[in-house]
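K.L.:
Sharing a structure, written as structure tokens. Questions coming.
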Amino acid sequence: MQTLTIIRPDDMHLHLRDGDALKAVAPYTARQMGRAVIMPNLKPPVVSVADALAYKARIMAALPEGSAFEPLMTLYLTDQATPELVREAKAAGIVAFKLYPAGATTNSDSGVTDLFKLIPVLEEMAKQGILFLVHGEVTDPEIDIFDREAAFIGRVMKPVLAQVPNLKVVFEHITTAEAARLVLEAGDNVAATVTPQHLLLNRNDLLVGGVRPHHFCLPVLKRETHRQALVAAVTGEKAHKFFLGTDSAPHAKSAKENACGCAGMFSAMTAIELYAEVFEKAGALDKLEAFASKNGARFYGIPENADTITLVKQSQTVPASVPYGDGELVPMRAGGEIGWTVQY
């Protein structure tokens, strides 16, 4: 039977929620990943060092006994952010600030209204070596939802990189050929995370044969040509600029199967297996370890994990749902097969 042993991966873009939801989902990530970059879009958002440290303590309390998993904490960038906050964050071990354009995604109401007013804050991030994580979509109602990432590149990303050229930027959960091209052409201070859904699915998987609410995420799934461009990027000559970030974003089944359903796909329970499928289909299994376990650590300036995990070429059936607080949670590929299984 085919096996693949790799350095334990890291999830460089993860939503763990809070309270009972946190307790339900944290063990799935802790089982596979050594570390994860934790998104700060709680209600209310994680905007201060005190918020982040308190949230980290709640995450640690939700982990299985004996877990070595390490959450890497971030702050939610707001219009009120200051260079002093950046210095405080650095001193406290916060790894990054996250940009949510106001209204772009779940719990983004506190997001930034004009990033260019925060240039002194971004300059301090560059000085302190704190990363800038970007949800790269414009929220202008005149821009079609399928075009919001591409529009963001010209309107925001390129001008910001020109004004703060040494800022370390992660273009999060990229979904388009345009975003991949920007990262490929930019300096080594610009990288990107890519989700399993944007490597495996296209917008037909959302809309053909009925609306599939469990395939609804933001940024929304794009055309097949964009999916192919992402696969080419993560397996190509400059693959070191791309790394694993699931954007696993749990919502209760009742909130997804809804007249106004929430955006987000829960992939944490089988994340590395789904990525293995992508790389296997692309004939690039030898590049999975760098994507999952090396590139992100290098970009964040942290050592690779010291231990390994082993994947077996053995099919598994994903549960139709798992418990989630008072309700249930539908994972990515629910009820379906994945051709790889982690040996636990």
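Just so you know, glycine gets a Cβ as well, placed from its N, Cα and C.
Look at Swiss-Prot and you will find Asp247 tagged as active site. Among the features that Swiss-Prot reports, Zn(2+) 1 binding site is placed at His13, His15, Lys98, Asp247, with the record citing sequence analysis. Residues or ranges marked as substrate binding site by Swiss-Prot: His15, Leu16, Arg17, Asn41, His135, Leu218, His251, Ala263. Per Swiss-Prot, Zn(2+) 2 binding site is recorded for Lys98, His135, His173, and the stated evidence type is sequence analysis. Residues or ranges marked as N6-carboxylysine by Swiss-Prot: Lys98.
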K.L.:
Return the residues near His13 (Zn(2+) 1 binding site) by Cβ distance under 8 Å, restricted to its own chain and a separation of at least 6 in sequence.
P.N.:
Val37, Met39, Leu133, Glu172, His173, Thr193, Thr195, Gly245, Thr246, Asp247
K.L.:
What's the CA to CA span in angstrom from Asn41 (substrate binding site) over to Lys98 (Zn(2+) 1 binding site)?
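P.N.:
One finds 9 Å between the Cα atoms of these residues.
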K.L.:
What are the non-local neighbours of Leu218 (substrate binding site), defined as same-chain residues 6+ apart in sequence with CB under 8 A from its CB?
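P.N.:
Spatial neighbours, sequence-distant, of Leu218 (substrate binding site): Ala104, Thr105, Thr106, Glu137, Ala263, Gly264.
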K.L.:
Out of the binding-site residues Leu16, Arg17, His135, His251, give me the one sitting nearest to Lys98 (Zn(2+) 1 binding site) by CA distance.
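P.N.:
Closest recorded candidate to Lys98 (Zn(2+) 1 binding site) by Cα: His135.
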K.L.:
Can you name every residue in this chain, apart from His13, His15, Lys98, Asp247, with its Cβ inside 8 Å of the center of the Cβ atoms of the recorded Zn(2+) 1 site?
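P.N.:
After dropping the recorded site residues, what remains is Leu14, Val37, Met39, Asn41, Leu133, Glu172, His173, Thr193, Gly245, Ala249.
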K.L.:
What is the biggest Cα to Cα gap, in Å, among His15, Leu16, Arg17, Asn41, His135, Leu218, His251, Ala263, the residues listed as binding substrate?
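P.N.:
Site span for substrate, by Cα atoms: 19 Å.
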K.L.:
In the structure shown, which of the binding-site residues Leu16, Ala263 has the fewest other Cβ atoms within 10 Å?
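P.N.:
Result for the binding-site residues Leu16, Ala263: minimum number of other Cβ atoms within 10 Å at Ala263.
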K.L.:
Which entry in the list of binding-site residues, His15, Arg17, His135, His173, His251, has its Cβ near the fewest other Cβ atoms, using 10 Å as the limit?
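P.N.:
With the binding-site residues His15, Arg17, His135, His173, His251, fewest surrounding Cβ atoms within 10 Å: Arg17.
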K.L.:
With every protein chain in view, how many other Cβ atoms are within 10 Å of the Cβ of Lys98 (Zn(2+) 1 binding site)?
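P.N.:
Here the count is 25.
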K.L.:
When DSSP is mapped onto helix/strand/coil, what comes out for Leu218 (substrate binding site)?
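P.N.:
The residue in question, Leu218 (substrate binding site), is coil (DSSP, three-state).
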K.L.:
Across all the protein chains here, work out how many other Cβ atoms are within 10 Å of the Cβ of Asn41 (substrate binding site).
P.N.:
22
K.L.:
Using DSSP and three states only, what is His13 (Zn(2+) 1 binding site)?
P.N.:
strand
K.L.:
Cβ within 8 angstroms of the Cβ centroid of Lys98, His135, His173: which residues besides those meet this for the Zn(2+) 2 site?
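P.N.:
Counting only non-site residues, the set is His13, Met39, Leu99, Tyr100, Thr105, Leu133, Val134, Gly136, Glu172, Asp247.
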